[in-house]
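The domain 'G-protein coupled receptors family 1 profile' feature in TrEMBL is assigned to 1-145. For 63-83, 95-116, 128-147, the entry in TrEMBL reads transmembrane segment.
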């Protein structure tokens, strides 16, 4: 059900965005001032006022983001309540996983909310924020989860221990 819901939500979201954009008249320059083809920079190429289309994007993206965030927060609240009946070791392991998940969710949702949940602007930081949530966050995701691995932690401690000891004798 979760996969089907994700696919259906993504499909509906995408169709709304495409239908919102396909009817726009484009003229003049055909170079998007952005790192990738995103809706707001694409709207700047239109030959008409795109205020209404921007509001549709804001509402559509806002509802999808709010719904996704609500499901995530609800699941985390359920997990926290279920931890009351677990051992201290079980709670520690679960909270360790929980912290990793929350970190990734925050690293993804914060920049996305910054970009899509506000009126259109010419803020130059938009490109930097877009690169952060499309490149940096997915790149950090494996690192965050790898650092939870006990074997990786032991290897890192050994590596740091060797570096500290090797520098002292010289």
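Cβ from N, Cα, C; glycine included.
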Open item on the list: Quick test of the contact rule: Cβ under 8 Å, at least six residues beyond the ends. What residues does that give for the transmembrane segment (128-147)?
Closed with: 34-36, 38, 100, 103-104, 107-108, 111-112, 114-115, 153, 156
TODO: Could you break down the residues of the domain 'G-protein coupled receptors family 1 profile' (1-145) into DSSP helix, strand and coil, giving a count for each?
DONE: 111 helix, 2 strand, 32 coil
